[in-house]
Amino acid sequence: MTATLERRESISLWERFCSWITSTENRLYIGWFGVLMIPTLLTATTCYIIAFIAAPPVDIDGIREPVAGSLLYGNNIISGAVIPSSNAIGVHFYPVWEAASVDEWLYNGGPYQLIVLHFLLGVASYMGREWELSYRLGMRPWIFVAFSAPVAAASAVFLVYPIGQGSFSDGMPLGISGTFNFMLVFQAEHNILMHPFHMAGVAGVFGGSLFSAMHGSLVTSSLIRETSEVESTNYGYKFGQEEETYNIVAAHGYFGRLIFQYASFNNSRALHFFLAAWPVVRIWLTALGVTTMAFNLNGFNFNQSVVDSQGRVINTWADIINRADLGMEVMHERNAHNFPLDLAAGEVLPVAVSAPAVHA
């Protein structure tokens, strides 16, 4: 009798690590994008929490007038924020080793850059991880495509806009009231409400909410009952079942009669593609709009008032918007400049043609 001994091939530590990283059997999929995502998001989150609680005031305008944003310096959850990097830094890369000391780094708002850049790397890696997991499971890649919309929006306000404006101090502060301040100043300087891409984004967000509510309520209202009247309808559903869980024909008939026939989808794939594409495409457009306004290609501007035959101004809604924009522009960075750019850049008007003669 001949005995055959098979020699087991030893698997290296690196191969075992690669197998574990790319395994779809893990409770949470890691993936190669996850190797980048985990440290960057942990770094951004840790720095954000510490800065929101305890960061010292930041000289955001670069004029030696620090602005406090942390809880320990008198703010609350609503007013608190991580203040953007100083205007004195501009768009220079400002890691902690570029400063003379940690105190200087904190004074110039270094944590803002650290948080924002790690956050953007992290969410981009999360997006890549969605594609990677879909690929390994044999799924189509549309989940990652949909998530690209919020990634594009975040990149626009945190990275592209500061680069276009020439300073990270123009980026969105990392806090509730700071976000609102950013929105008001953005409107004042770029008239974003009159930009067609922003209008598309508003329609995408509100329309997406409406369509999501309509779809969820229609599906929930047309579930196929597999249980008795005394049991919950939900008990009739088995996870992974092949049978339809709701009656799309009934939902289509209901909605077609509620609005009109062609307002309703009778194809489930077309319906779900529309539900995904409507907000995603429009948020892409909004991010593109912010990108164009970063380089001062602004919303529609109606600076010329409507006048009658005698030259008197006939006030329109555009005049009200312009006046509100000027007011907001005057209010922000009040100590950095005395007049908004729209006024300061105008033609100089003589106050007096000649000085009066003074007789002693």
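Using the three backbone atoms N, Cα and C, a Cβ is placed for every residue, glycine included.
These come from Swiss-Prot:
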{"type": "TRANSMEM", "residues": "29-46", "note": "transmembrane segment"}
{"type": "TRANSMEM", "residues": "118-133", "note": "transmembrane segment"}
{"type": "TRANSMEM", "residues": "142-156", "note": "transmembrane segment"}
{"type": "SITE", "residues": "TYR161", "note": "site 'Tyrosine radical intermediate'"}
{"type": "TRANSMEM", "residues": "197-218", "note": "transmembrane segment"}
{"type": "BINDING", "residues": "HIS198", "note": "chlorophyll a PD1 binding site"}
{"type": "BINDING", "residues": "HIS215, HIS272", "note": "Fe cation binding site"}
{"type": "TRANSMEM", "residues": "274-288", "note": "transmembrane segment"}
Practice problem: Give residue numbers and ranges for long-range contacts of the transmembrane segment (29-46): same chain, 6 or more residues beyond its ends, CB-CB under 8 A. | Solution: 20-23, 114-116, 118-119, 121-123, 125-126, 128-129, 131-133, 136
Quiz prompt | HIS272 (Fe cation binding site), number of other Cβ atoms within 10 Å | solution = 13
Exercise. Express the distance between the Cα positions of the residue listed as 'chlorophyll a PD1 binding site' and HIS215 (Fe cation binding site) as a whole number of Å.
Key: 25
Exercise. Could you state the whole-number distance in Å separating the C-alpha atoms of HIS215 (Fe cation binding site) and TYR161 (site 'Tyrosine radical intermediate')?
Key: 36
Self-check item: Folded-back contacts onto the transmembrane segment (118-133), same chain, C-beta under 8 angstroms, at least six residues removed
Solution: 24, 29, 31-34, 36-37, 40-41, 43-44, 47, 139, 141, 143-144, 147-148, 150-151, 154-155, 158-159
Exercise. Note down the number of other Cβ atoms within 10 Å of the Cβ of TYR161 (site 'Tyrosine radical intermediate'), including every protein chain shown.
Key: 22
Self-check item: DSSP three-state assignment for HIS272 (Fe cation binding site)
Solution: helix
Quiz item: Near HIS198 (chlorophyll a PD1 binding site), how many other Cβ atoms are within 10 Å of its Cβ?
Solution: 22
Self-check item: Residue pair HIS272 (Fe cation binding site), TYR161 (site 'Tyrosine radical intermediate') - Cα distance, angstrom, rounded
Solution: 33
